[in-house]
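Peer 1: Structure incoming, see below.
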Amino acid sequence: MAVLSSQSVTMRTEAIAPSALIPGICSVPSTAGTLTKEPQQARFHSSYWKIGQKLRPKSGAERYATGKAPLTVTMTATMPSKSDRRISAIYVPSETHKQTTHSIAHERLEIVKSLDAWADESLLPFLKPVEKSWRPQDHLPEPSSEGFYEQVRELRARAANLPDDYLVVLVGDMITEEALPTYQTMLNTLDGTKDETGASLTPWGVWTRAWTAEENRHGDLLNKYLYLTGRVNMKAVEKTVQYLIGSGMDPQTENNPYLGFVYTSFQERATFISHGNTARHAKELGDNKLATICGLIASDERRHENAYCKIVEKLFEVDPSGAMLAFGDMMRKKIAMPAHLMYDGVDRNLFDNFSTVAQRTGTYTARDYADILEHLVKRWNVEKIETLSAEGRQAQDFVCTLAPRIRKLDERTQLKPKKTPKIGTFSWVFNREVQMW
């Protein structure tokens, strides 16, 4: 049984709203008022959580903030309840680190808000017109065609040659794409750029919705392709998608657009690399149509990467120290992959196991992580920026020397004696055995 683990949540406001604790679930009694130095109790259905105030040293991200020190809200479950069991049946709560919200200082928030005209002119052109965009159906058997069944047979014949480790990586990529609602939600947590109404006409709101619409085709196409192959357990895949969307993600971006756009710049390049490698591998395995599918998705990810990099590039131009601190802070935290809370109802280490297969097959590796970091350092001309605060210079030194250190660590790992091959099973491929390393 999964039970909510103890965790700490850093709040930046004196009063604690119910949604600031566990949205839609945890409620503070109406008599609680604002958080004081005296511990109070909050009701989590039939479990109790202790809420206490304490101060802690500023983290790297908190250098953005001015004013009062943050509040750390420590919540400890005393016993599992029926409610806890209901929750564990819906998603897998596993975050244990301290969470900071709304860390951007007022002056930096004003900088972000001043970029609306720039975003309209420089960001929105990265979007493709709907009528000129590729459609998933362009690359799948046509169900209204008399040749539909023959097209499906040809697709299945090509897919029959795909090894299970390749399928595991492709399914993992597809599941990551299918959790798109989580990523739109994440973008709409960012102060100053979120879609305030759900149909906002600000360039940021337009971008977020249109980006989501473009990304939506990726999961649609891979899902339908995998369904038609007959090679994967679609029920297990669908269960994993539902768990993942229900679990969400925690990229530690703190509602801060500086941090958020560093994260998306890194992550879009990571997906570009991953899909590009699945395209290359599909071609090597003789499935040229699948290679085309993965290549199209990789191309979209590259375009989106360029858009997000353009935003951070602009932040470096207008606020070099703020952008440098954000870059350094996200790299110190390490970039969490979007599907890090992946679960299929069976394997609690599913994401780690999927990542291990991706590493072994050369789809996405520790070396790729270092390459992405190095690419961003060059793209944003980080080494040559001079107008920095003392803290900014420290962050600059950190990010400029991190990639070589990651590579050295990876090289030492590769030089270690090879482990005895480990075999694992994945529900996605009907529990067939797959080599992990």
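These residue numbers are counts, starting from 1, taken along the chain as shown.
Every residue, even glycine, has its Cβ placed from backbone N, Cα and C.
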Peer 1: The Fe cation 1 site in TrEMBL includes GLU215, HIS218, GLU301. Which of GLU154, GLU177, GLU178 is also listed there?
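Peer 2: Matched candidate out of GLU154, GLU177, GLU178, per TrEMBL for Fe cation 1 with GLU215, HIS218, GLU301: GLU177.
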Peer 1: In TrEMBL, GLU215, GLU301, HIS304 are given as binding Fe cation 2, so which of GLU196, GLU238, GLU254, GLU268 is in that site too?
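Peer 2: My reading of TrEMBL gives GLU268 as the candidate in that site.
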Peer 1: Given the recorded Fe cation 1 site (GLU177, GLU215, HIS218, GLU301), which additional residues of the same chain have their Cβ within 8 Å of the Cβ centre, ordered by sequence?
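Peer 2: Those within range, site residues removed, are LEU180, GLU214, ASN216, ARG217, GLY219, THR271, HIS275, ILE297, ASP300.
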Peer 1: In whole Å, note down how far the CA of HIS304 (Fe cation 2 binding site) lies from the CA of HIS218 (Fe cation 1 binding site).
Peer 2: 13
Peer 1: Spatially, and counting Cα to Cα, which of the binding-site residues is closest to GLU268 (Fe cation 2 binding site)? Options: GLU177, GLU215, GLU301.
Peer 2: GLU301
Peer 1: Can you see whether DSSP assigns GLU268 (Fe cation 2 binding site) to helix, strand or coil?
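Peer 2: Reduced to three states, the DSSP call for GLU268 (Fe cation 2 binding site) is helix.
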Peer 1: Starting from the Fe cation 2 site formed by GLU215, GLU268, GLU301, HIS304, give every other residue of that chain whose CB sits within 8 Å of the mean position of their CB atoms, in sequence order.
Peer 2: TRP211, GLU214, THR271, PHE272, ASP300, ARG302, ARG303, GLU305
